[in-house]
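S.K.: According to Swiss-Prot, the record shows the following:
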{"type": "ACT_SITE", "residues": "Asp318", "note": "active site, proton donor"}
{"type": "BINDING", "residues": "Asn177, Glu243", "note": "Mn(2+) binding site"}
{"type": "BINDING", "residues": "Ile180, Tyr181, Arg182, Arg194, Trp195, Leu196, Arg199, Gly200", "note": "prenylated FMN binding site"}
Amino acid sequence: MKYKDLRDFIQRLEALGELRRVTQPVSPVLEMTELCDRVLRAGGPALLFNAPPGNAFPVLGNLFGTPRRVALGMGVDAGDDAALGSLRDLGRLLSALKEPDPPKSLKDAGKLLSLAKAVWDMAPKSVSSPPCQEIVWEGADVDLNKLPIQTCWPGDAGPLVTWGLTVTRGPNKSRQNLGIYRQQLIGRNKLIMRWLAHRGGALDFREFALQNPGKPYPVAVVLGADPATTLGAVTPVPDSLSEYQFAGLLRGSRTELAKCLTPGVDTLQVPARAEIVLEGFIHPQEGAPAPAPAGAPPRPAGNAAAAYEHALEGPYGDHTGYYNEQEWFPVFTVERITMRRDAIYHSTYTGKPPDEPAVLGVALNEVFVPLLQKQFTEITDFYLPPEGCSYRMAIVQMKKSYAGHAKRVMFGVWSFLRQFMYTKFIVVVDEDVNIRDWKEVIWAITTRVDPVRDTVMVDSTPIDYLDFASPVAGLGSKMGLDATNKWPGETSREWGRPIEMDAAVKARVDRLWQEIGL
């Protein structure tokens, strides 16, 4: 089933028993986090909170708290296991879009043309008088404090926008970028845009600042998009395909877009049926910036983007289960807020796994498998454990063909997708090891690994800025473990043979099992 907007999805979830309305008063300050966290850990439903005390907007939480709801958002109505299989089908679609196979026959050529036509047919379309602009706040009416922005953890620096789809465009680019970056509230119309240097929004901003020094950079933030658009923003979409176009493929209908209303921001388009849209700019710094507070990291310098207004962001509790360090990021000044009548505020929290991003990670793991297999046919399975923050550790199952093969796969995974540049640990095992069973993985490590021979250490590599274990912010080491059976050339010893029971004996005991009544 496909959903034209968030409300359509909410209605479907409620009919399936996958959404619960909470009528009791619940505060966005800490209480929503605690309630959503308990429900998520129990595998419970999405929660639609009545407008909290002193606020006019209901809050939607825990929307993608199970793999099934992620699959439902992508248009697949199935149980968790079947849903994960459907996500692999999605990965195969993405791998075909990323790197199409040369046709070997007229039939193959026809399939390739059909795929290209499907993508072309899903180009977004512009509409006028969109629902997302039914109500408009501008001038003195712009006040982000009127929104029920969550404060997630006791040590957080303040309220935090968590599910905002940030829309940007680089200079001379027709394709808009959608990214999800947390945004700290620091004033009635100001948010800190925490995008890391390698993310699409930050790259667009830096390119703009280089080519247009001193000019405000337009940004839009969408709160409460339809599920296909939201999930498109977190999926590894090929650079040649826009997230809006990919959302159309998921939905089976073209994404309807509306131009923003603010002059200068009207170069950007947002989902026409979004609940709330923030429009504004990142402005150049006026005058000399105030000195950094004592003990804070130095202000950014040395590039064109550093000449824009920045503020010290954090600390915040994040997906690692810790509070992160403070860092400087650009300030987004909101000049206009548009919304639907009776708008719904979509929110989440991040914390020690499992949390909603970890559940999304489990789902996206299935999307990654066909993408990796297209490039590395020897990979038979791939797993990003949620306990490893869904990206910091990868377990790879492979069909080994020669000595040193596992090490080749390690470096291949690290370099293949941007999503894996922050993966600190890779463990490679053979096909006989179930990589989703820690008992089997630990057995393989402890019986097939010699620490000196089978450990690969790589220093001075890109590392997540939130990883305080690295000696330098953003730069650290990686480790690979070759837990495969060793081939000639890798060992001079006779390699162990796994113990297996005789098949005839197992069949005999199967029959006895029933007779004995065990």
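Here the Cβ of each residue, glycine as well, is placed from N, Cα and C on the backbone.
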S.K.: What are the sequence-distant neighbours of Gly200 (prenylated FMN binding site), meaning same chain, six or more residues apart, C-beta distance under 8 angstroms?
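M.R.: Listed in sequence order: Thr168, Asn177, Leu178, Gly179.
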S.K.: Between Leu196 (prenylated FMN binding site) and Asp318 (active site, proton donor), find the distance joining the two CA atoms and give it rounded to the nearest Å.
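M.R.: Computed Cα spacing between Leu196 (prenylated FMN binding site) and Asp318 (active site, proton donor) is 14 Å.
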S.K.: Between the two most separated Cα atoms in Ile180, Tyr181, Arg182, Arg194, Trp195, Leu196, Arg199, Gly200, the residues recorded as binding prenylated FMN, what distance in Å do you get?
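M.R.: For the residues that bind prenylated FMN, the greatest Cα distance is 14 Å.
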S.K.: With every protein chain in view, what's the tally of Cβ atoms within 10 Å of the Cβ of Arg199 (prenylated FMN binding site), excluding that atom itself?
M.R.: 18
S.K.: Show, in sequence order, which residues other than Ile180, Tyr181, Arg182, Arg194, Trp195, Leu196, Arg199, Gly200 on the same chain lie with their Cβ within 8 Å of the centre of the Cβ atoms of the prenylated FMN site.
M.R.: Thr166, Gly179, Met193, Gly201, Ala202
S.K.: As a test of the contact definition, list every same-chain residue at least 6 positions from Arg194 (prenylated FMN binding site) whose Cβ is closer than 8 Å to its Cβ.
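M.R.: Within the chain, Arg194 (prenylated FMN binding site) has Cβ neighbours under 8 Å at Tyr181, Arg182, Gln183, Gln184, Glu313, Gly314, Glu327, Phe329.
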S.K.: Just to confirm: which same-chain residues, 6+ apart in sequence, have a Cβ under 8 Å from the Cβ of Glu243 (Mn(2+) binding site)?
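M.R.: Expected: Gln176, Asn177, Leu178, Thr229, Gly232, Ala233, Thr235, Val237.
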S.K.: Ranked by the number of other Cβ atoms within 10 Å of their own Cβ, which of the binding-site residues Ile180, Leu196 ranks first?
M.R.: Ile180
S.K.: Rounded to a whole number, how many Å is the Cα of Trp195 (prenylated FMN binding site) away from the Cα of the residue listed as 'active site, proton donor'?
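M.R.: Pair distance, Cα basis, whole Å: 14 Å.
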S.K.: Do any residues at least six apart in sequence from the residue listed as 'active site, proton donor', in the same chain, have a Cβ closer than 8 Å to its Cβ, and if so which, in order?
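M.R.: Spatial neighbours, sequence-distant, of the residue listed as 'active site, proton donor': Asn324, Thr350, Gly351, Leu466.
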S.K.: For Glu243 (Mn(2+) binding site), what is the secondary structure by DSSP, using just helix, strand and coil?
M.R.: helix
S.K.: Report, as a single number, how many Cβ atoms besides its own are within 10 Å of the Cβ of Tyr181 (prenylated FMN binding site).
M.R.: 22
